[in-house]
Structures are given as structure tokens and as C-alpha cells.
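**Student:** Let me give you the structure first, and then I'll get to my questions.
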Amino acid sequence: MDSPPGARRKGASPNRFAAVAATTALVLALATACGSGGGSASSAGSGTIHVLVYGDAGNTVEQQIVDTFNRTSKVKAVLDTIPGADYQSKLNTIINTPQAPDIFFNWGGGSIAPYVKDGLLLPLDDMIAKDPALKSDFLPSVFNTAVIDGKAYGVPMRGTQPVLLFDNKQVLADAGLSAPQTWDDLINDVKVLKAKGVTPIALGGGDQWPTLMWFEYVFDRVAGPGLFQKALSGDKSAWASPDSAKALGMLKQLVDAGAFGSNFDSVKFTDGGSPALLAKGKAAFELMGSWEYSTQQSGNPDFAKNDLGYSAFPSVAGGKGDPNDVVGNTNNFYSVLKKTQHPDAVAAFLKLMYSDEFVKAQLAIGNLPTTTGTANFLAASASPAYSQFQFNLVKAAPSFQLSWDQAYPPAATTPIHTAVQEFFDGKTDANGFIQAMQSLPNS
Amino acid sequence: MSALSFAAVAGRRRTARRTAAGATRPGFGWAIPATVFFLLFAVLPLVLVAVLSFTSWDGITAPHFNGLANWTKLLNDPVMTQSVWLTLLLTALGVVTQTPVSILLGVWAAGPQRNRAVLSAVFFVPLLLSATAVSVLWRALLDPNFGLPGQLPWLFGNGNLLGSQAGSIAVLTFVGMWQFTPLHALLYQGGTRAIPQVLYQAAAIDGAGTVRQFFHITLPQLRNTMITSVILMVVGGLTTFDTVLILTQGGPGTDTTVSAYYMYQQGFKEFDFGAGSAVALVLVVVATLVSLAVVRLSGYDKMRSTAEGI
């Protein structure tokens, strides 16, 4: 970062100048060589399409689907992976280069909005016109997440991950409670649990996004999905509406009641802190994505089997939102680059995303695909009752709100996380939160 | 290229012979490999970053110039101003906490006894771990419910160490100290071993005890080591990143968002490489000023021998 001071000396002799010039020429030659070298390996080559996915344990299924595709197709598919957390930034680096894939994994919404804006993605409406099942075979609330400006840009793949209210059945039973049906039940549970010396709700505040989940649900229950959609489309007045103030008031009430304890900012979900609180009975609830189940299965198998309960988020009396609404990661999607050389092969590949083989393979590894045919295979899934509960929940949901930090473009992620954390900390009040949300970039 | 460089070498040789009577100095040609690397990996990126700081670039389409937009945004950005102060504060805290401990450890480890060698080896273990591993380790150890704070409530209260600015800064300083003290202790150990024994023998004859010897011989003799060590600490402190990323993620809120982390956030999380470049450039300027100050204040630029008259 910093150059050693005093490295520069005054007065350049002609010879030195010549040497520097030669060096510069060398550097430029190297740079151009690198620039042109990579181009020859472009995906536009001889009859292959590249499929880029997030690298993790789920890749076995993606590889299986690619193999199935290659058995019948002349154009061959190649599966590329980018491991874990680096996915979005590396995708961003290659997406407008010759190394870009033909088809790539994403989260819909804000994760592809910048690429749509730059005209890189292929609208799939023509493909859907030829093969309506590409749209009609998926649950609508899920499919719509990758619809931008009225055009479809993604076909669902992998599974849905709704946010659920998990609980420790043993702790609730000891306190004589059951999973809350309404917000008032929840407040009451918090009081009873606190009196018993249990942290009512485990929260991985250090990760920030678990805190955001509370905002997403309470805003949806109080105001309905419209408020957030209005704000996302650029109408900043939505954040200052009475419904917004009411939702913030309820959240504040929950925090002030000590629902999350006092040290939630030092706890994380990602390092196992908050799931352990729930599993060890030090907390009664945790609001988390459906992956909580598999997290507990691997970390605390006995707890997952016997005492892990789950329910939908409580309803709010007088709220405008449908109590069946769900928030979370609606699904992962495959999107297609406009410059693909083999659109027909791509369309044929995407058809596999509603095939029986795909659904069965995903269910077997614990994912919950959202095709309309999924229901037929739920009995064969890794944990049938849990899969059935989630599937019914998502199917019945009039609205499935994508997580705010993914609905907004990446530029808004950090400001959103900062705002929710500071509001829960009491560092900002409702007005500060509203201002922070109003200054988010929405395109 | 090669012909030119040889011409440069030859030319430099002739000049050197003409100017400096007798002793010839190595020609400029010898500096070419290092110069090429320096230009390629330090100067060129620096220039590119400077150019990028006047553009708007999402990393996808071509960057386009947006004048001073990034800079006016930064000037009015409280997080940026705060990040510079936080960076300087963490750097200062690093120097203040690590220097005394590493001097004591290093001087002690320089002794001849056998148990010291074994214990020194143990002390140097943190040096072998990557900063990321160290941060993950401490993150788990400091979990308020299942880590040390959960066991020692009398010391840590409710264990919400990372929930306040002061607590987070304390944790970052402590983890940095735990990790980097061994490196500096190693420097001081080497420096101490290089002190001529005659000085201690003379002091002993004059009746100076261990403490007096430490303050009047060891410390003054370690002056140059100390300067080297402090400069390393300052450079390391100014670019603190990995511990922040893993331990606090710049939080709570933006309370520990140091400049290097803010740069990463702007560039690689928000994909605003223009703004990220502007932050980087601010960091370069601050780091250069601090380095200059340290060099001037310490006399590093005209480092004097500590062995004069021996």
C-alpha cells in the first residue's frame, strides 16, 4: 500500500530514462499478452455450454443433471463451480468477459438486477412461449422473484428456503408454553421465559442478517408485501408510513422486553453460537432459514430428532399482511447470458429443472424444489414431515418476500445490515432507521 | 530490452567512475529486476487506482469518468472520516500494547538457559498461524454463552464484548497483540543477542544490577531494532483487515469499520470500485504521511550505529 519514503531520487539521466521506457514497453507487452491469451478459451467454442454454480455439497445433483443432459444432447454441458462465499464477487468479475458462462446460478432479485440493467441477460419469455411448463410448472410466488420489469430472467433450481420460527420443544414444555400463534402470544411467551431465566429468543446479531429476518416478517405482517415493494421500486415515502412506524414500534417493544437477551451482538449463527443456544436449551426460539434444520442435524442430531420444533411466523392482529405470507430465500435460479451461442441447447437444459429426476435428486440431499410436481415425491425426501410442512407453507403463501438484502442490489446490503443492527442496539431510533432505508440505492 | 539495460549498466559505470574517485558503485542495471516488479505491482496499480477513483465502475461494464463524485461523497461520509481515526487508533494501540510486551519477552528469550528455548518455541506458535485462523479461534473463544465470557461472568459481565465500540476495539487490539507479539519478540531477541557482552561485563564491574543494565545498556542498544519493529507494527496496523473481517465485520454498526475494511466493503461487497479506489487512495496518503512521520521522528533515515566506540 505504501511506498518506502525516499525511494524517489531527483534527476533522471538519459540512460535511466531509456531503461524505464524499455521496462514500460515490457510491462505493456506482458499486459496485452495476458489480455489476449484468455480469449481463446471462450465458451462460444465448439458445441459446449458452460453452467456455473455455487460450489458446495449440492454440486453432486448439478453434475448428475449435466450428465443426463449430455447423454442426449449434441451440444455438451460443462459444469463449473466457484466455491462458497466468493461466488458473487467472482461472478461479477467474469460476467462480462469471454470467460463468462452460458448459464449461471443466482438468487434472483437484486443479485441479477445489475446484470439486467447492463443488458447482459437473456429474457426467457421466448423460451417460455415455446415451452410454457418452464413457468407453469413452478410455484408462482417463487418464479416471480426472478421476474424483473415484467420479463422472466431465471428458472428455479435447487430449493426454496423459507424463514421459520424454530423452537426447543422441551424448553417450551417446561415453561408450559406452545409455539405462538399471534404476536401477543409471542410477547407473552417472552415474559414467561424471561421470568424462568431462559433467553427467550436466540439471535445471531453478529451476522446481522438474522436480525434482518425479524424486520422482514414484522413489516410483512403489519403492512403487507406492498410496503417493501413500493420502497424497492423507488417510492421512499413508504418507509415513513404509519405502518412502517408501527412495525418498528413492535420490534422495539420486543427488544426492550429483553426477548433477545443483552449480548446478541456478540453471538453469531455462522460460527454455531445461536444454534447452540437453542439446542442446549439456553434459548427457546430462533427465527432462521429452513437450513436451521440441517444445521441442527449435523451439530446436535439428538436435539434435531426429538426437540426441534418449527412453526410459521405469528400473525399480527389488525395487520394488513396475510398471515400466510412467507419471507426468506425464495429459491436459487439459473439465468442465461444473452450472448450464448446455443440458446436451443440452453432451453433444453432448463427443461430438466422441472423433471422428476431433478426433483427426486434434490429432495434426497435435503433441498426442497418448488415445482408443482414436488408434492408427489415428498414422502421420499430426507425428512418427509419437515419437507411437507415447508412445501405447504410456500405453496399456500400469497406472497414470498425475498430477503431485503437480496431484493436490493448488492450496493444496499451493507447499509441495510448496519441499519438493522443499530436499531436493535438502540443506537438509532425509528427516525434514524427510516432515514437509513430512504437513502438506500435502489437500482 | 537486454541491449538497452546493458547500455544502461555500462553508462552508469562510466558515470560512476568519473564522479566517485576510486570505489565504484553497482550500476543501475542491477536495479532493473526490482524496478520492474516495483513498477508492475506497486506503481502501476497505484496509478490505476488513482484513475479509477474518478470513475464509476461496477466491475461489469467499462468504467466511465464521473469527475469528483466519489470524492465529494467520501468527504461528506462520516464513516470514512471515522474509519481513518479508527485505523490510526488501532495502530497506536497496537504499538503501545505490543512493544513493551515483546521487548520484555524478547530480552528474556535472548538468555542462554535451556528452558527458555523451549518456552520461546511455545511463545512463537501464534506466529505460525494465519491471521484468519487466529481470528476464527478467538471468535469462538469469546462467544458470550459458550466461550470464556460465559465461564467468567465476574470478568466479562454479560459477555457482550463485540456489542460495543470499546469492547470491539479492545478485542481487536488484544487479538492483534496475541498474534504479532511473537514476531516482534523474535526481532528483539535477535537484537539483544547482538549486543556486545563487553558492555554488560563493564557494567557489572561498575556495580550495575540487572534492572540498571536493562535500562542503560539493553534498551539503548535496541534502538534500531525498536524502530524497525515499530515501523512494521505501523504498516501492519494501518492495513489491518482480516481480524476486522472475521471478528467484527466492521460492527457493531460501523463502529470498527477501519479504512482497509471500508475499501473492501465498497469495492467487493457493494461493487462500487470507484468509491473503493478513492478509499484506497486515502489510505495510501494517510499511510505515507504516518510512515514519513515515523521515519523523521525516529531518525530512521540516518540510522546511526549503536556500536560506536566499541
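Note: Cβ is positioned from N, Cα and C throughout, glycine not excepted.
Note that TrEMBL annotation is computational and uncurated.
Checked TrEMBL, it gives:
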type	residues	note
DOMAIN	B:84-294	domain 'ABC transmembrane type-1'
TRANSMEM	B:27-54	transmembrane segment
TRANSMEM	B:84-110	transmembrane segment
TRANSMEM	B:117-141	transmembrane segment
TRANSMEM	B:161-180	transmembrane segment
TRANSMEM	B:226-247	transmembrane segment
TRANSMEM	B:273-295	transmembrane segment
**Student:** Counting Cβ pairs closer than 8 Å, which of B:84-110, B:117-141, B:161-180, B:226-247 has the most of them with the transmembrane segment (B:273-295)?
**Tutor:** B:226-247
**Student:** Short question: which residues 6 or more past the ends of the transmembrane segment (B:161-180) have a Cβ under 8 Å from it?
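**Tutor:** Same-chain contacts beyond the flanks: 86, 89-90, 93-94, 97-98, 101, 126-127, 129, 131, 134-135, 138, 142, 144, 149, 233, 236-237, 240, 243-244, 247-248, 251-252, 255-256.
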**Student:** Cβ under 8 Å, sequence separation of at least 6 from the ends of the transmembrane segment (B:84-110): give me the contacting residues as numbers and ranges.
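**Tutor:** Apart from its flanks, the transmembrane segment (B:84-110) reaches 116, 119-120, 123, 169, 172-174, 176-177, 180-189, 191-193, 214, 218-219, 222, 226, 229-230, 233-234, 236-238, 240, 256-260, 282-283, 286, 290.
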